[in-house]
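Inspection log for the structure reproduced underneath, given as structure tokens.
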Amino acid sequence: MRFLLLNRFTLLLLLLVSPTPVLQAPTNLTDSGLDQEPFLYLVGRKKLLDAQYKCYDRIQQLPPYEGEGPYCNRTWDGWMCWDDTPAGVMSYQHCPDYFPDFDPTEKVSKYCDENGEWFRHPDSNRTWSNYTLCNAFTPDKLHNAYVLYYLALVGHSMSIAALIASMGIFLFFKNLSCQRVTLHKNMFLTYILNSIIIIIHLVEVVPNGDLVRRDPMHIFHHNTYMWTMQWELSPPLPLSAHEGKMDPHDSEVISCKILHFFHQYMMACNYFWMLCEGIYLHTLIVMAVFTEDQRLRWYYLLGWGFPIVPTIIHAITRAVYYNDNCWLSTETHLLYIIHGPVMAALVVNFFFLLNIVRVLVTKMRQTHEAEAYMYLKAVKATMVLVPLLGIQFVVFPWRPSNKVLGKIYDYLMHSLIHFQGFFVATIYCFCNHEVQVTLKRQWAQFKIQWSHRWGRRRRPTNRVVSAPRAVAFAEPGGLPIYICHQEPRNPPVSNNEGEEGTEMIPMNVIQQDSSA
């Protein structure tokens, strides 16, 4: 059964592959020559030999044909196995996956004529199976591949822009600084680095036919959210046992593998920093009874340190057991070394959030109703992002066979994958009420300064600025929403003009007021 991966590479990876498969290697190949063959060429040839062996075994094991009338004998056509077929019947099978330019979702046909003989091609007068639909490089598929390719570039570019803007906001406005924002900034950094790596891959590796064609890769992930398919984005080149050889120690091959190594590492960091967000909220709300004094070094260790372990193990095992160029093939279970921990992090985070919601709902029904409500609002962003970022691992393991639904699936799946950084920045920063109020306040101050510069009448600063402060974190219903839970750094003064830290209304104010 084909390996189902989880790799958010992205991979939509429209690799430039257009090999013409060669079924038989020259007879004069030596063992040393075989070692230099493209790795995935050997994998495809092994699949073909396995299928041939199973076919001949099946031909021997099946009972004789018991139908009436003429029929075509079971046979091996060189690529696939065909059972006994009644005369006048067209048999169909899915295309094989031996070759990167074959589309396994398409069908192969073989016709048994009325005389009980397999159809012969008029040009060669030899029995013939129709593999023409297996071509993965049809104009429609190429067009779809180009669209997905540019969708990935746009998605990661927008993600980088949105994440850098969010990082700038959190760094510039000191009143937004707290432990949870520190977690946000680290998670933003992982998404920025991951998007940069993917863009480099799409720009430098994908168009590099000399590198990619030498070891054809399956492009779209056929794992929980991907499906294997090959696309060609440049003129075809043949692939044989001798053509397309590339020294595994070539600098391009090494650079490509290093790039993929860091992509896998950053992808894992994405999800483990999301887990840090969930652990932080769970500790803050469930374990510590609404206290925020937590040591962040353990979060740094989990978010940056732990993902390097499975990434290194994957790199070593991949180099030893499945050393294809760039390590992009999804036809190996070794990818579970990385994606297993990622799935575990998503599951743990999901249960953390369920427990957080349970605790908050209980508190809202009993005591601390206002504060519990505010924490529930603070948890809302993580509650949205965890299923959003993990949906491709859980909800979309199967691509619809219908062509229209399949295209809708492709665009939806790739939008979720390649715009993840944009979603993270939007939900954690741009949609946060506290950030919006801070930006509005800054804009109001800018307009005052601009008006004063041009000689307009300057209105009293305390009236313009303090008004937003008074309602800075208020939402309909009178309950604020916060990024942070922190104590004021100095007592507020009567004119509401203290240090910037006093603008952060602490979470426990409501509890103190209610107990007074």
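Using N, Cα and C of the backbone, Cβ positions are placed for all residues, glycine too.
Taking the Cβ of Cys81 (disulfide bond) as reference, residues of its chain lying under 8 Å away and at least six apart in sequence are, in sequence order, Ala51, Lys54, Cys55, Arg58, Ile59, Arg74, Thr75. Sequence annotations record features per position, and here Swiss-Prot assigns disulfide bond to Cys55-Cys81 (among others).
Positions annotated as disulfide bond by Swiss-Prot, on the basis of similarity to another entry: Cys72-Cys112 (among others). Under 8 Å, Cβ to Cβ, and six or more positions away along its own chain, Cys72 (disulfide bond) finds Trp82, Asp84, Thr85, Pro86, Ala87, Cys112, Gly116, Glu117, Trp118. Cys72 (disulfide bond) falls within a strand when secondary structure is assigned with DSSP.
Here Swiss-Prot flags Cys95-Cys134 (among others) as disulfide bond. Around the Cβ of Cys134 (disulfide bond), the same chain contributes Cys95, Pro96, Phe102, Asp103, Glu106, Val108, each under 8 angstroms and 6 or more positions distant in sequence.
Per Swiss-Prot, disulfide bond is recorded for Cys256-Cys326 (among others).
If you look up Swiss-Prot, you'll see Asn28 (among others) marked as N-linked glycosylation site.
Here Asn73 (N-linked glycosylation site) comes close to Tyr65, Asp84: these same-chain residues lie at least six apart in sequence, with C-beta atoms under 8 angstroms from its C-beta. The N-linked glycosylation site annotation in Swiss-Prot covers Asn73 (among others).
Feature annotation from Swiss-Prot assigns N-linked glycosylation site to Asn125 (among others). The number of other Cβ atoms within 10 Å of the Cβ belonging to Asn125 (N-linked glycosylation site), over all protein chains shown, comes to 8.
According to Swiss-Prot, the feature N-linked glycosylation site maps to Asn130 (among others). Close to Asn130 (N-linked glycosylation site) in the fold, though at least 6 residues off in sequence, lie Val108, Ser109, Lys110, Tyr111, each with a CB less than 8 Å from its CB.
According to Swiss-Prot, the region 'Disordered' annotation covers 489-516.
Taken from Swiss-Prot, the feature topological domain 'Extracellular' covers 25-146 (among others), and the record attributes it to a curator's inference.
The topological domain 'Extracellular' annotation in Swiss-Prot covers 203-256 (among others) and rests on a curator's inference.
The topological domain 'Extracellular' annotation in Swiss-Prot covers 318-333 (among others). Each residue in the topological domain 'Extracellular' (318-333) gets a DSSP state, and the totals come to 8 helix, 0 strand, 8 coil.
Taken from Swiss-Prot, the feature topological domain 'Extracellular' applies to 397-404 (among others), supported by a curator's inference. For the topological domain 'Extracellular' (397-404), the predicted model reports an average pLDDT of 71.
The transmembrane segment annotation in Swiss-Prot covers 147-169 (among others). Residues 10, 12, 14, 176, 184-185, 188-189, 191-192, 195-196, 198-199, 202-203, 206, 220, 233, 410-411, 414-415, 417-422, 424-426, 428-430, 435, 438-439 of the same chain lie 6+ residues outside the transmembrane segment (147-169) yet bring a C-beta within less than 8 angstroms of a C-beta in it.
Swiss-Prot lists 182-202 (among others) with the feature transmembrane segment. Sequence-distant contacts of the transmembrane segment (182-202), counting only residues of its own chain at least 6 positions beyond either end whose CB sits under 8 Å from a CB of the stretch, comprise 9-10, 13-14, 149, 152-153, 156-157, 159-160, 163-164, 166-167, 170-171, 259-260, 262-263, 266-267, 269-270, 273-274, 276-277, 280, 296, 299-300, 303-304, 418, 420-421, 424-425, 428-429, 483.
As annotated by Swiss-Prot, transmembrane segment applies to 257-279 (among others). Nonlocal intrachain contacts for the transmembrane segment (257-279), taken as residues 6+ away from its ends with a CB within less than 8 angstroms of a stretch CB, comprise 7-9, 180, 183-184, 186-187, 190-191, 193-194, 197-198, 200-201, 205, 299, 302-304, 306-308, 310-311, 314-315, 325-328, 338, 341-342, 345-346, 348-349, 352-353, 356, 382, 385-386, 389-390, 420.
Across the topological domain 'Extracellular' (25-146), the DSSP tally of helix, strand and coil residues reads 39 helix, 26 strand, 57 coil. A separation of roughly 43 Å, to the nearest angstrom, links the Cα atoms of Cys326 (disulfide bond) and Asn125 (N-linked glycosylation site).
For the pair Asn125 (N-linked glycosylation site) and Cys256 (disulfide bond), the C-alpha distance works out to 46 angstrom.
Here the disulfide-bonded residues are Cys55, Cys326, and the one ringed by the most other CB atoms within 10 angstroms is Cys326. In this structure, Cys256 (disulfide bond) is part of a helix by DSSP.
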